[in-house]
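Encoded as structure tokens, the structure appears first; notes follow it.
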Amino acid sequence: MEKVFFQVLIVILIIVVAILACVYFYQRRAVKQINDLMESEKKLADQKVDQQIKNVEELQLIGDAKKQFETIKNKYEKQVRPAITAFNKRAPQLLADSRTSKLLTINTQIRDLQADLAKLTTTLQQIQKDLQHLRQQQHTHKQAVEQIKNKYRQFHRQLNEKSFEYGDSEKQLNSRLNELEDQFAQFTDLTNKGDIEAAQEILSNLQSENDKFEQDLKKIPQLYKPIATEFPEQLSELKSGYETLVKQNFHFTEKNIDKQIEQLQSKLDQTIDQLNNLQLDVVEQSNKDLSDQIDYLYGVMQKEIDAKNEAVHLIEVMKDFTKHAQRQNDELGVELDRLSLNYTLTNHEQETVRELGEQIKAIIKQYRDDAEAVANKTAVYSQVLDRQKSNQKNLTEIEKSQEKLNDEVAKLQTDEQRARQMLQKYSTQIRTIHRQVEQLNLPGLPKDYLDYFFGVSDEIKKLADELNEYKINMDEITKQLIIVESDLDTLNDKTDILRDSAELTERFQQYANRFSDNEKIAAAAKKSQELFKQFNYTASLEAIATVLEEIEPGSYKRIEDTYYREIGKN
């Protein structure tokens, strides 16, 4: 019994210990949560948001910025401060309750406190962000204002220290700067009155105008320098240079250069006025026009200076060149007239010489006009130079044409002599062929051979007739030479075939006598003799040679080789 009691007691003790342990750990957890919340709240307090609000308030904001600040401050006073006070009251109370029997009922209150602190944290973070935005806005505004003030000081200093770079445009620039400063004063006044929207509109326009003014300050010295120094010096130099060159009897491709210089001077004066009125885009274009026109007039005058010596020298060169070309053309014309008595000129040689003569006359006329202008000191040297260079080139081409034409006609007599030599050669060849055929002692000749022989003879006679004409046409003679040369080669080939066929036929017929008892050979020999009498020597040879080759293979080649060795064709 005692044992059972003791066991029950132990169980009860264990349960009690377990309960006490749970309570202990639950209490520890609750205390930790509350302490963590209090620590988080302390960190929020350490951020000193109220001091941040005070600092922003000291910036003396105005207008919209001031309204925004009042909203932020009101939010802090009406929402944040009460929430902090309530938190600081509830957190210690919950901490005290965690050590009493209320421990088991505070879990919900801790969660509510956590939610309140989270909301408080978010609100404070937004307030700090809004305060930072106001500080940054104020800083940006102040910085922009200070930058404008610094720029105006810089603009004044630049216009004072470097007024020589701006000329009379400095007055208008100072006037514009005063207007900008007036606008800035208006901006400051509106800002002080709290009319931020109107002030911001002026500020945006002011910043744009300031940027443009700054660009103009950089641009004007670049525009003013050529107007003030370069162009006046160049125009003065152009004027004096033109007057000097005119005294030296120079003439130019441009008329009224002196008036053009005066017009440029007027344009320069006008450009200065435009710069003084700050018409910078117009001035920029005017400067470009002035520069281009001044450079152009320099070029016009320099061109004549550069051309003079070369033009005068070329006039002297062309004096001899034109005489030589004219003399050479006259001599060529005389030679062609002489040759035309004996030769037919088929390539319009005389017409070509006449055309070349007309070209030379035109060049000579232009040369004389230019030479007279140079002598009378009325020449525009660059134009004289261009014309005479062109004429020199044309005369060079004319002389090449003359030389080519001269070479062609000079060949006529040589070609005639060569043609007569070839005629003599062809006549000798046709007679030699005639003798060779007669020496064969043939009973007659084939009609096609005779026709070809007499045809070639007629061609040789035609060649002789053409060479004996009063006026020889060397083009036709050359064509006839080519025909005769080709046909004679063919006639030689035909004569060789005729001779070889006749000679070989006689040898094969003699060799066939060895086979007189062979009827086939006898018949072939008879047919060959008949064809021979009909002057068909090629067929006669084939009739006997074919049968002999059948009876005695190799006989044809043996007899043929022997024959060709004897006549020296191998």
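Each residue's number is its place along the chain shown, starting with 1.
Using N, Cα and C of the backbone, Cβ positions are placed for all residues, glycine too.
Remember, predicted model here, so these are calculated numbers, not experimental data.
Among the residue ranges 44-78, 254-288, the one that TrEMBL annotates as coiled coil is 254-288. Listed ranges 325-359, 395-429; the one TrEMBL annotates as coiled coil is 395-429. Here the coiled coil (395-429) touches the coiled coil (460-494). Their Cβ atoms form 3 or more pairs under 8 Å, with each pair 6 or more residues apart. The average pLDDT computed for the coiled coil (254-288) is 92.
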